[in-house]
């Protein structure tokens, strides 16, 4: 199944809130996926098909060689922004 | 009767089992499949046990640090870590079951208050609720409450804080986010509003932090555990050098004392990392259950979310807020012994999250100058308050730690006031 990972500083609060918003968006789109959230220190070893994080973490991601698409959000819990940015990636991966 | 006794002694006093049962109930209420209920319940129990493991690593490291600090400087040093406080209360003090049930109680009181009052805030930051639940239980316990009254009082006070604190911050939240859709669910609200007040008086709103180009090298500070290391390693090394090799020898054996204390500092971070992974597992099922149920019962509710949700709105203010809060907390660290209180070592986690958010609040109402002055004041504020609370925490059994998040400290003062009022009669 499609794996989507959200990332924030401690991997507890805002990535989790973001994950719950993504969950709602995916339900609207009718896409099934396995969701999880983690902290920025652990993302180097993480396995996922799509990673989402806040814009403020964009530079941090440059340290890692991630081979999956990454999406950076201005507003972590804004469903419209998530839908807008996630839909093309889902189409590209053939999930939509 | 035997069965009942077995249930009470072996199930309801085992915090891991209690929290698993609460998760099980939450999943069942959402009508999840049997498979999802079983796996969710097991993962929640696992989360609690991982949290306990992390807590003992933190405490082992802090015990060495606290002892050497005392020998080196002749005064008591406390590390500000609400995560550590939670870990110790749930495991060593045997209050885990009460904390778990109170957490569920806070969920219920929050939903009821959001439903019947005009404050439509549902507090969704799970770890903040866990800390608040911990402190409510610890203070109610300190006031002499036990069993059901303890859980009831803890739930009501915690639930009231969970509903009212987002409302308190909302006037400024509306300015920051430009909408009324989300609220702030992070128990450092008194600190944020204090910072905003200072910033408003001293600052100039028109010169925002977001127009400055900050050096890129500062961005590593966003990496939470890395920045905890950056601060804890110097603390441990200063203590090692001040205590000297002979004093350290009882702990480090044949290992060089500097190397040993360097590794002990990393042990602290290790414990924190493990503890937080435990909290993540513990909350993974509880928070969505709470969210799902609350959305059904309070349809017009606003989610109160963890503070980093705000960080993309003003990333420079976050970095500057962290730096100036840290400067303020170091000033506060030297001030606390002068007031006859133990020396409090700044908590890096809260300096970053609370400091960063304070930076956003300060920037919103007072621009750059507001951030500098407001956040230095914030740093002092968040050191003095936990210091005032530490003698009481010491009596309960927290020897090397004190709280960080100021709303939980205010909860403590609240209980103390109630205790002294009822003491009169």
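Each Cβ is built from the backbone N, Cα and C atoms, and glycine gets one as well.
Nobody curates TrEMBL annotations by hand; they come from automatic prediction.
Checking the ranges B:93-114, B:291-312 against TrEMBL, the transmembrane segment annotation falls on B:93-114.
Cross-referencing B:257-276, B:397-416 with TrEMBL places the feature transmembrane segment at B:257-276. Two recorded stretches are said to be in contact when at least 3 C-beta pairs lie under 8 angstroms, sequence spacing 6 or more; the transmembrane segment (B:41-65) and the transmembrane segment (B:343-365) fall short of this definition.
The stretches the transmembrane segment (B:93-114) and the transmembrane segment (B:181-199) do not meet in space: the count of Cβ pairs below 8 angstroms, excluding pairs fewer than 6 apart in sequence, stays at fewer than three. The stretch from B:257-276, B:313-336, B:343-365 with the most CB pairs below 8 A to the transmembrane segment (B:371-389) is B:313-336. Listed as Cβ neighbours of the transmembrane segment (B:257-276) (distance under 8 Å, sequence separation of 6 or more from its ends, same chain) are residues 50-51, 53-62, 64-65, 68, 81, 83-84, 87, 127, 225, 228-229, 232-233, 235-237, 239-241, 244-245, 248-249, 251, 349. Taking every listed stretch (B:121-142, B:148-169, B:313-336, B:343-365) in turn, the largest tally of C-beta pairs under 8 A with the transmembrane segment (B:181-199) is reached by B:343-365.
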